[in-house]
């Protein structure tokens, strides 16, 4: 978008523009400027203190600059403000730890190989009443696909969907999820960078609408023990010269199979990025549809990677372990880098399954070469430290990310020790609610 065009889009009521980026956790950060400074934000950038942003700079060298991307300009329908995403710079160069910049560079590497990545997410969330404590009240008792009186939140879902096009998101399916007060709104796939932006926007819209109704929306992976967790399955495909290269004559192409092979090979390290919280691993337990075993299959929802039945031009894979606590820019960069590694080195997929993996004996899983995903954030971080490809995907953010997450894990272990709780507890603790509820 030409900046002069974007300036002409201003509604007279728009007086301020929010400059939005995300921190190491994927949490939106930013600042507001008068609308008259938008052109300056695009051309010269607006400086800010990077030491105040989790995972960015230290106080001894904290000056960063945000440059707005005018193509992302939107006006917030319920407020007299506009929003814009952008890229971060340091010393007049792209800042190496900028999450959005990291994904941009990963996509440029894909493009050098002739590929363009498309991703469609399925983010799940809960709606709660909060009464001043961490006793979460459930406002409805609906279940999966309920559309009758048990589903009290249908109007809230519709309102969220009505606002989404104003932010460039196209809603496709709205429904109640399995858990009481759990919901899902799927939106149309797009190019990977746009989809990552869309995830940040979707969480913003959902939380804002929930608040209008006196509720809290949480994307925390497992807010309640004994209830289904919030996932964010990713539907992924690659195109080349406008054609879906995952499309084979029957089923998937060789490129798609190698892409799967790359993800399977790096799955143990990837999970530290796609499921980056202590709480994430309380969702990834047997008994629910969240995957635990490293496997793949056609139509099989017990596998880590499912190939949906829609082949031909709609050919894609569904990566089922990610959750909405992930920083979408980091997660997409890591997954695409792993898949590209599979394509470059022609890694064949392994651990193909047609039956329910959870119902297999341990002996059968071993025979098929099916391994288990890390069972905790600590285990996942150990795997990440050993994986060159996934580490490189995070670029200059890797060091800050791994250090930040190790401190997070150690803080949790200290809490458990203080409360005399076992390290492998699957109970959702107050420590987790305080830390992750508003992610």
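Cβ from N, Cα, C; glycine included.
Keep in mind that this is a model prediction, so the values were computed, not measured.
Now, the feature entries from Swiss-Prot:
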type	residues	note
DOMAIN	12-93	domain 'GS beta-grasp'
DOMAIN	99-439	domain 'GS catalytic'
BINDING	122, 233, 318	Mg(2+) 1 binding site
BINDING	124, 177, 184	Mg(2+) 2 binding site
BINDING	172, 235, 236, 237, 301, 306, 313	ATP binding site
BINDING	229, 283, 289, 301, 320	L-glutamate binding site
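Overlay of Swiss-Prot annotations on the structure.
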| residue | record | contacts (Cβ under 8 Å, 6+ apart) |
| --- | --- | --- |
| 122 | Mg(2+) 1 binding site | 184, 186, 231, 232, 233, 234, 235 |
| 124 | Mg(2+) 2 binding site | 177, 182, 183, 184, 219, 229, 230, 231, 232, 324 |
| 172 | ATP binding site | 186, 187, 188 |
| 236 | ATP binding site | 117, 118, 119, 259, 316, 317, 318, 319, 335, 336, 339 |
| 237 | ATP binding site | 117, 118, 189, 244, 245, 246, 315, 316, 317 |
Max Cα distance spanning 229, 283, 289, 301, 320 (L-glutamate binders), Å?
15
Including all protein chains displayed, how many Cβ atoms other than that of residue 235 (ATP binding site) lie within 10 Å of its Cβ?
20
A 10 Å Cβ contact count, applied to the binding-site residues 233, 301, 306, 313, 320: which residue has the minimum?
313
For residue 283 (L-glutamate binding site), the closest of the binding-site residues by C-alpha position, picking from 301, 306, 313, is 301
301, 306, 313 screened against residue 320 (L-glutamate binding site), Cα within 10 Å - retained binding-site residues:
301, 306
In three-state DSSP terms, the structure that residue 301 (ATP binding site) belongs to:
coil
Within 8 Å of the Cβ centre of 229, 283, 289, 301, 320, which other residues of the chain have their Cβ, at the recorded L-glutamate site?
228, 231, 233, 284, 288, 290, 291, 321
Other CB atoms, at most 10 A from the CB of residue 177 (Mg(2+) 2 binding site):
21
Taking the Cβ of each of the binding-site residues and counting other Cβ atoms inside 10 Å, which one has the highest number: 184, 229, 283, 318?
229
